[in-house]
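K.L.:
Below you will find the structure I want to go over with you.
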Amino acid sequence: MDVSHILDPLNDAQREAVTLPKQSALILAGAGSGKTRVLTHRIAWLIKTQGISPFGLLAVTFTNKAAAEMRVRIESLLETPLTGMWVGTFHGISHRLLRMHYEKAKLPKNFQIMDADDQLRLVKRVSAGLGLDEKQWPARQAVWFINSQKDEGLRPKNIEDYDDLYLKTHLAIYGAYQEACERGGMVDFAELLLRAHELWLNNPEILNHYQDRFSALLVDEFQDTNTVQYAWLRVLAGDRDNLIVVGDDDQSIYGWRGARIENIQRFSEDFKNSQIIRLEQNYRSTGSILKAANHLIGNNAGRLGKELWTDEGDGDLINLYSSYNEIDEARYIAERIARWVADGNRHDESAILYRSNAQSRVLEEAMLRLQLPYRIYGGQRFFERAEIRNALGYIRLVSQRDADAAFERVVNVPPRGMGNRTLEEIREVARLEQVSLWIAAERLVADSSLTARKKNSISGFLSLVEDMDEATRGVDLETLVERVIEKSGLVPYYEKERGERGQARLENLGELVSAAGSFDPKQNLTFDPLGENIEDVSLLDEFLSHASLEAGDAQGGSNEDCVQLMTMHSAKGLEFPLVFLAGMEEGLFPHRMSLEEPGRLEEERRLCYVGLTRAMRYLYLTHAESRRLNGSDNYNRLSRFVTEIPEELIQEVRLQNTGARSSNFDINQTDGEFSLGQRVLHAKFGEGVVLNYEGQGNQARVQVNFSEGSKWLMVSFANLETIG
Ligand code: ATP
Ligand code: MG
């Protein structure tokens, strides 16, 4: 069989990895050295030459987007559509397993996935039920405790409390929370993994079945697996010696979320026959970008150590732009991208990466001003919007009355005069009688001691949901969603919310109806066409799980040509010809939370290494002398990460006729000059500070921050006087 198209585009080390005989291996290599390429080519090679069907392969990636991309690449190598192969995230695959074996996993057939928000609510309720003061025992802290225990594979009974109040209290919350989850048939994200792992441990016949089925297991971004994920892999691999993992210790950036960089070291001990293959040639970036990245990461201790090289030549120097403030920074980036597009490049070949989501707003405004289409990854995602969650809350209750999180969410949205006291009574009954909120509410209505007013508000809600159920029996998914929204009263409720926001919410509700209409579970990445063990999970449950799990890595159509905006975390594994790292400032990046702890500072540095190595040809680092973020003004020094890059690799960008690094743009005016930060006086608005400018000559406009807010003014008409 001719597999030259699979093997030819590889170097020797890559080819060795792709054609390894069946065995375990660790492919340890730096950014852009072809790790992901090795995985896809190996899968194609296994199918073409080793007689392994796609059905016998399991590939784990870090995001749904990465899984989809991998699928496309394999299909193009195989020149046929790929069906039956399990490729997805740990969460997605675990979810699939639990659906197929719900009984053995001790879950109800229509179990629901709780997202972070549902989880927080439930923890709050459980803590209150235990009589804990929210101030002393913040729910967020308890959520963090629960999730990190689950990530470590620990149930309350496995945890020693050392007679310590903090541990004892959190264990009590964890225990009560877990009971509430079991009662309501709800599963949080961390639970998906832990439960799937336990499913295998407790059911050897199921484990054997999957061990026999999968001839090869392949894992990308292995450096970011946590304890339970690694345990999950080890159990599945057993002694079959068929696990190939690829990773880069220098790109481990999820330690704060429980990832264990040590898993890389443990791998060779746990899989005795495994081989280590290193790839050192980089095919992504220019020499200057690579040298900068190598130097930067050289400041970390305890690395496994590897140096990247390229034979592509040095390329351009790295550009450093010092802006006056964040608006100037964003404007500069937008202008630079506009020029890039004008030169005949695509928008989506450019990416703006930042440390914190809050930075995106100003960048978006700059994109809008220059009419550059853009797309944000990992911002607030469609299924996370309040209006969507509310609609889904009703839908969930229709499907499952015991869904307490949904009950809490919508019982008084839109407001239906259900007072806090009434709600508290419902919770109390649920607590005492160990039943769901729904049943508690029913019991309260039946109880004659309640005032008529309270009774009415509760029974009004109960019959609304019953009504929805009746009106949607036997209809298709789209009609169901449409009718539930119609009956919920959400539409008039959002119509009252004035302005664009209300309008956007209504549009999103419409979008939810279309999403339901076009929902196809076969598109699910781990959908199994042979249907082994698949119980007929209702399409509705499938859709609700999809909404929680998928929550989309991104919003909007994926094929549009847009500038890509995302956090550095979300950029892992991706590459772009033109990359901006915005906000290279101490306190922002490295983040101030990481400054005290050496371990976390090193993780920030790895994140910077990830950022730098996304760039293929052009890399811009920008920082602002003053930055308004989250409502406060900051004057940050240049990030240490910039100073850790050798000076000779960096060129400072200077604009027009400006000299200093502080880059004062000068605007020539017939009778004077303005610069950014200049104080000016306007006859009507009073004193202000110049924030921004655009255009030249008669077209020149300045943005000035006056006490009543900022305004754009035509320089030639405004008659601004400079002060000082
Ligand atoms: P990261 O660590 O960022 O995930 P990676 O090691 O997974 O990077 P890939 O994304 O697989 O690297 O490859 C980086 C780029 O180099 C891709 O554009 C890929 O197509 C290209 N590439 C990899 N190997 C070769 C090769 N042998 N010849 C030509 N191009 C290659
Ligand atoms: Mg990769």
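The count begins at 1 with the first shown residue.
Using N, Cα and C of the backbone, Cβ positions are placed for all residues, glycine too.
Residues annotated as domain 'UvrD-like helicase ATP-binding' in TrEMBL: 8-286. What TrEMBL records for Ala29, Gly30, Ala31, Gly32, Ser33, Gly34, Lys35, Thr36 is ATP binding site. Under the heading domain 'UvrD-like helicase C-terminal', TrEMBL lists 287-573.
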K.L.:
Within 10 Å of its Cβ, which one of these binding-site residues (Ser33, Thr36) has the largest number of other Cβ atoms?
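P.N.:
Top count of Cβ atoms within 10 Å goes to Ser33.
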K.L.:
Counting across all protein chains present, how many other Cβ atoms fall within 10 Å of the Cβ of Gly32 (ATP binding site)?
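P.N.:
Here the count is 25.
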K.L.:
Using Cβ atoms only, which residues of the same chain lie under 8 Å from Gly34 (ATP binding site) while being at least 6 residues apart in sequence?
P.N.:
Leu10, Asn11, Gln14, Leu279, Gln281, Tyr283
K.L.:
Which binding-site residues out of Gly30, Ala31, Ser33, Lys35, Thr36 lie by ligand 2, going by a Cβ under 6 Å?
P.N.:
Lys35, Thr36
K.L.:
Tell me, how many other CB atoms lie within 10 A of the CB of Ala29 (ATP binding site), whichever protein chain they belong to?
P.N.:
25
K.L.:
Does Ala31 (ATP binding site) have same-chain partners at least 6 apart in sequence with Cβ under 8 Å from its own Cβ, and which are they?
P.N.:
Asp248, Asp250, Gln251, Asn282, Arg284, Ala293, Leu308, Tyr609, Val610, Thr613
K.L.:
In sequence order, which residues at least six apart in the same chain have a CB under 8 Å from the CB of Lys35 (ATP binding site)?
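P.N.:
Non-local contacts for Lys35 (ATP binding site): Ile27, Ala29, Asp220, Val246, Gly247, Asp248, Leu279.
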K.L.:
Same-chain residues six or more away whose CB lies under 8 A from the CB of Gly30 (ATP binding site)?
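P.N.:
Result: Asp248, Asp250, Leu279, Glu280, Asn282, Lys306, Glu307, Leu308, Thr613.
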K.L.:
In which DSSP state, out of helix, strand and coil, do we find Ala31 (ATP binding site)?
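P.N.:
DSSP call for Ala31 (ATP binding site): coil, neither helix nor strand.
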K.L.:
Write out, in the order they occur in the sequence, the residues of the chain not among Ala29, Gly30, Ala31, Gly32, Ser33, Gly34, Lys35, Thr36 that have a C-beta within 8 Å of the mean position of the C-beta atoms of the recorded ATP site.
P.N.:
Asp248, Leu279, Asn282, Arg284
